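Going by Swiss-Prot, these are the annotated features:
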type     : residues       : note
TOPO_DOM : 1-32           : topological domain 'Cytoplasmic'
INTRAMEM : 33-53          : intramembrane segment
TOPO_DOM : 54-198         : topological domain 'Cytoplasmic'
TRANSMEM : 199-219        : transmembrane segment
TOPO_DOM : 220-224        : topological domain 'Lumenal'
TRANSMEM : 225-245        : transmembrane segment
TOPO_DOM : 246-401        : topological domain 'Cytoplasmic'
TRANSMEM : 402-422        : transmembrane segment
TOPO_DOM : 423-437        : topological domain 'Lumenal'
TRANSMEM : 438-458        : transmembrane segment
TOPO_DOM : 459-901        : topological domain 'Cytoplasmic'
ACT_SITE : Asp487         : active site, 4-aspartylphosphate intermediate
BINDING  : Asp849, Asp853 : Mg(2+) binding site
TRANSMEM : 902-922        : transmembrane segment
TOPO_DOM : 923-933        : topological domain 'Lumenal'
TRANSMEM : 934-954        : transmembrane segment
TOPO_DOM : 955-973        : topological domain 'Cytoplasmic'
TRANSMEM : 974-994        : transmembrane segment
TOPO_DOM : 995-1036       : topological domain 'Lumenal'
TRANSMEM : 1037-1057      : transmembrane segment
TOPO_DOM : 1058-1071      : topological domain 'Cytoplasmic'
TRANSMEM : 1072-1092      : transmembrane segment
TOPO_DOM : 1093-1105      : topological domain 'Lumenal'
TRANSMEM : 1106-1126      : transmembrane segment
TOPO_DOM : 1127-1193      : topological domain 'Cytoplasmic'
Amino acid sequence: MGDHLEKSQHALLNEGDENEMEIFGYRTQGCRKALCLIGSIFSLGMLPLVFYWRPAWRVWANCVPCSLQEADVVLLKTTDEFKIYSWKKVIWISLSALSSTSGLTPDHPLITDEGYIINRAIRKPDLKVRYIKVQKIRYVWNNLEGQFQKIGSLEDWLSSAKIHQKFGLGLTSEEQEIRRLICGPNAIDVEITPIWKLLIKEVLNPFYIFQLFSVCLWFSEDYKEYALAIILMSVISIALTVYDLRQQSVKLHHLVESHNSITVSVYERKAGAQDLESRLLVPGDLLILTGSRVQMPCDAILIDGSCVVDEGMLTGESIPVTKTPLSQTASSVPWKMQSEADPRRHVLFCGTEVIQAKAAGSGAVRAVVLQTGFNTAKGDLVRSILYPKPMNFKLYRDAIRFLLCLVGTATIGMVYTLCVYVLSGEPPEEVVRKALDVITIAVPPALPAALTTGIIYAQRRLKKKGIFCISPQRINVCGQLNLVCFDKTGTLTRGGLDPWGVVPCDQNGFQAVHSFASGKALPQGPLCAAMASCHSLILLDGTIQGDPLDLKMFEATKWEMTASGDDLHIKEMLAHTIVVKPTDMVGQVPAEGLAIVHQFPFSSALQRMTVIVQEMGGGRLAFMKGAPERVASFCQPDTVPTSFISELQIYTTQGFRVIALAYKKLEMDCPTTALMREKVESDLVFLGLLILENRLKEETKPVLEELISARIRTVMITGDNLQTAITVARKSGMVSEGQKVILVEANEATGSSSASISWKLVEEKKPGPFGSQDTYINIREEVPENGRDRSYHFALSGKSFHVISQYFSSLLPKILINGTIFARMSPGQKSSLVEEFQKLDYFVGMCGDGANDCGALKMAHVGISLSEQEASVASPFTSKTPNIECVPHLIKEGRAALVTSFCMFKYMALYSMIQYVGVLLLYWKTNSLSNYQFLFQDLAITTLIGVTMNLNGANPKLVPFRPAGRLISPPLLLSVVLNILLSLAMHIVGFILVQKQPWYIMDYHSVCPVRNESASALAASPSVPEKTRSNSTFASFENTTIWFLGTINCIFVALVFSKGKPFRQPTYTNYIFVLVLILQMGVCLFILFADIPEMHRRLDLLCTPVLWRVYILIMISSNFVVSLAVEKAIIENRALWIAVKRCFGYQSKSQYRIWQRNLANDSSWPPLNQTSYSDMQGVSYSNPVFESNEEQL
């Protein structure tokens, strides 16, 4: 409908963002509203219920389309594959109350700059603002541009100069009031949802509405026992769900409430500094930060001073981060684009803790409020919890489709029932009641709940192993994983790095290695000074805190650290400046100490950090450390040894982490704060290399071997050096012995030359300089005979990945099919890589330590965080054990949960069909099962089986294939259909045979004399003793036969469908389930063979000859044997299904399988020792299936 609306009636909200929505304008119409009200009354409340389930229908029924400018209601539709509708009322804010007190007039608003959204949102002359609130975010109507725009943040177009000029002196009280009214309070309010609201929301679930319908029907038929049982189970289920939701609400409320009531110091333009409650902050306010351990109540841009911040809540990184002020540059470029590095280094994020605030000189640490409330980084995190992206898992969709098939089956049964009972002359109310009964029998209300029981048990088992899950539906997805990406540092390797040695250099090249294991003191000089000062360590309460790498590097120098600012008398010294001094242990030194006066913090994008230090009694120096290639590029070429590349490879190929150091002397005439980073980081002198050990975790190699043996691809995504990554891949087993590694290098276009891509074979040579293997690049023109075998891996850097994506995108899927090592990857590139794998129809898992992996963890089908920080909320799974052992555990439990869901699906489907067939056969005789017979089957049999059947644990061994990912798959459908046919045949045979028995008498309901005689004796003697006549309207020989066949068959079907290996532990290990089956079978056999009249009367059964009871048992046993044989010999016969696929020429339609087949037949792939150039076309690869995401999850 929305597609036909004019442009003024339709727009995009959050265009280009992850939460992009279509928005449609509607105006409420009185007559339509009245008609809906009448319809609600006459439908007895069903119409409002339908509107509750279908929000779009409510809007279409009550409103008429109109332009967004005139709308009083808007309809929202997500643009993703789910197309979820919601509606919001348009709210008006009146500023007229402020006009008299603050001087606001239509012609002269206080916010005079036309570029500000607040000014454009005020409608003149009545001074009103209209807005909508969507997922806790306000969107105001921009009168000039004619669209709804997000409010609560500073405008993106602001330059750094504009921020300093406009907000550097604070806002006036009038501006604060206007912004406060329009932007709303600065609070992340997560109200504790009242129990009654949770209760109503849960009860209005379609599943419970269907149960309510069923219960009402059963009460009308005097089927009170089972109705009460269903009510009891539903009440318990609803109570548990409401309790769980309430606990989550309380937990989230307590998590955020502390940030809503903080007192902060705000500088107001006229009144000066004053204390203010954080709820009253607005974008543009000027914060004054004092003291330490300050909780940030909003996002703010640091404009003066520096701060050390703990951002663990956002990034999972427990290492303090240094924030630097936004420089005041005379440029109109937006401030985010103006910064060479990540603009986040200037931003203090809401929810983080300012450990230390250091003012520049005698001034104060100042920050301008950037975003408030749910617009902040923490607000976005909380919104991702409140409004998670729905899971479009295929299992759920297939279950819905099958439910519709059952509804179709029920419809056929209803028509059959109507015909039989109408022709029999039954009263109309009885006919309707019996027809409705068929629906509750054919469509089991417990099916959706049964599909989740396996997930619940799996979640409990994972919790015992220290793996926590915030998205239980993802457990089933774990069972489908066929590719897992791993971060390197802290995930595959140990998080801590130990200094191994340094390689100094001078004008003659690299010198001898200084090993820290020797115990000798590090030679004093610029290299030692660089290690002692080029870091982001801080001194807090007498303890050195910061990056473990920085800490290890500093400790290796044997220098000491103090915080001082008063006794040095150094110009431009910040308060509590960090000072590093040599101790007595290091002997004579050229300097008394160094004061770190300025930092250019480390950035993963820039791969370096720089500090400016002041020598005590000396000059000013700059020290840089970072990735060797990056540092060398900033140095004077003649100071970089000619053997730099080969020397670097010696260590990186051994798996060492290598950091380069450089320095330069600075002029004293320029203030430190005025020095540009570009000027400082130029013409440096190369000092040498710092070598650090980064060993594999003990668990890494066995886990990777287990995954590879299970044919699950493993991929490394790291920010570390490419050579180091290749070595770690070899040592960990990710690249097996004998497999080739092909280095893919791509370079951007420069000048007249096009972008290029080259392929080089990385080979091994032995022995290496430290008794280990070495690697080198094969640049020979000839290709070895085995160079083009199928066992190879591609390795490339983040830079090459970017160039390939931009200029050689048609090659990208080919590279990804065998791409294993991705080094020097930025956080954004990690997310992009995961998405590219998903486009190839891989089910992708991502395992990282949470530091720079949050984006990739969120993008993957299954994200596993090894961090216990709050940032693990970005990941569905969090492991308390900081190693990758959790990955195979998750996959095993996921496979087990998936198979369990299938088992329960099949069982519930068969259970309903068994009852359905039995009841329809009895309807032919205008009979049915009695209430107690239904109760016995529903409660004593099916409910107990449903609770215990899912208790099988996961198989401890990972097999090299996955369970079926769909309910609508040939083996599963064949299993269900064949078992339904077998049950149908058995019931029909029993129904017909019982009527052909010689003792079958229509007028009598019992053939059991005082002493049970044989059927032949009964046939020979028509004058049988006095027989008891039953008063029940249900008791008949057909009823007794059908009930026994159906009840015992339900037990046997559970045994047949309870799967064990290869994905679950054998059924006999599920002791509770086995015990339940034995007890149920014992009770059923007792009822079958015991002649207890009172028991028969209660269950509305008739006593039959013993031989007929044996016949019943033979029929059920035969059905069980055939069913078990079919299940084992056909359904679970993997070799048979593979042969059938080959016979019919079926091949997987997954994109990665198609590419694998194509590349296997391409003799020219992979290219070796070749260089290709871009034709500048850049044809991109697109997977239509992924784009629509119909089959993705």
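Cβ coordinates come from backbone N, Cα and C, glycine included.
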**Request:** Counting other Cβ atoms within 10 Å, pick out the least crowded of the recorded positions Asp487, Asp853.
**Result:** Asp487
**Prompt:** Reported as an integer number of Å, what is the Cα distance between the residue listed as 'active site, 4-aspartylphosphate intermediate' and Asp849 (Mg(2+) binding site)?
**Reply:** 7
**Asked** When a 10 Å sphere is centred on the Cβ of Asp849 (Mg(2+) binding site), how many other Cβ atoms does it contain?
**Response** 19
**Message:** Contact between the transmembrane segment (934-954) and the transmembrane segment (1072-1092) is defined here as three or more C-beta pairs under 8 Å separated by at least 6 residues; is that satisfied?
**Reply:** yes
**Asked** What are the DSSP helix, strand and coil residue counts for the topological domain 'Lumenal' (220-224)?
**Response** 2 helix, 0 strand, 3 coil
**Request:** Might you confirm whether the transmembrane segment (402-422) is in contact with the transmembrane segment (974-994), defined here as three or more C-beta pairs under 8 A between residues 6 or more apart in sequence?
**Result:** no
**Request:** Kindly report the helix/strand/coil residue split of the topological domain 'Cytoplasmic' (1058-1071) according to DSSP, in that order.
**Result:** 4 helix, 3 strand, 7 coil
**CB contact flag for the transmembrane segment (934-954) and the transmembrane segment (225-245), at least three pairs under 8 A** = yes
**Asked** For the transmembrane segment (902-922), which partner among 199-219, 225-245, 402-422, 1106-1126 gives the most CB pairs under 8 Å?
**Response** 402-422
**Complete:** the topological domain 'Cytoplasmic' (54-198) resolves under DSSP into 43 helix, 38 strand, 64 coil
**Item:** For the topological domain 'Lumenal' (923-933), sequence-distant contacts whose Cβ falls under 8 Å of one of its Cβ atoms, 6 or more beyond its ends
**Value:** 221-226, 416-417, 420-421, 424, 426, 434, 437, 915, 1032-1036, 1038-1039, 1042-1043, 1098-1100
**Fill in**
Within the same chain, the residues 6 or more beyond the ends of the topological domain 'Cytoplasmic' (955-973) and with Cβ under 8 Å of it are 394-395, 398-399, 401-402, 479-480, 482, 706-707, 709-712, 888, 891-892, 895-896, 898-899, 902, 905-906, 1060-1065, 1131-1132, 1134, 1137
**Message:** Using Cβ atoms and a strict cutoff of less than 8 Å, what residues sit near the topological domain 'Cytoplasmic' (1058-1071) while being 6 or more residues removed from its termini?
**Reply:** 479, 892, 895-896, 898-900, 902-903, 948-949, 951-957, 959, 963, 1132
**Request:** Average the pLDDT scores across the topological domain 'Lumenal' (923-933) and report the rounded value.
**Result:** 87
**Complete:** DSSP assigns the residues of the topological domain 'Lumenal' (923-933) as 4 helix, 0 strand, 7 coil
**Prompt:** In the same chain, which residue numbers or ranges, 6 or more beyond the ends of the topological domain 'Lumenal' (220-224), come under 8 angstroms Cβ to Cβ?
**Reply:** 433, 437, 931, 934-935
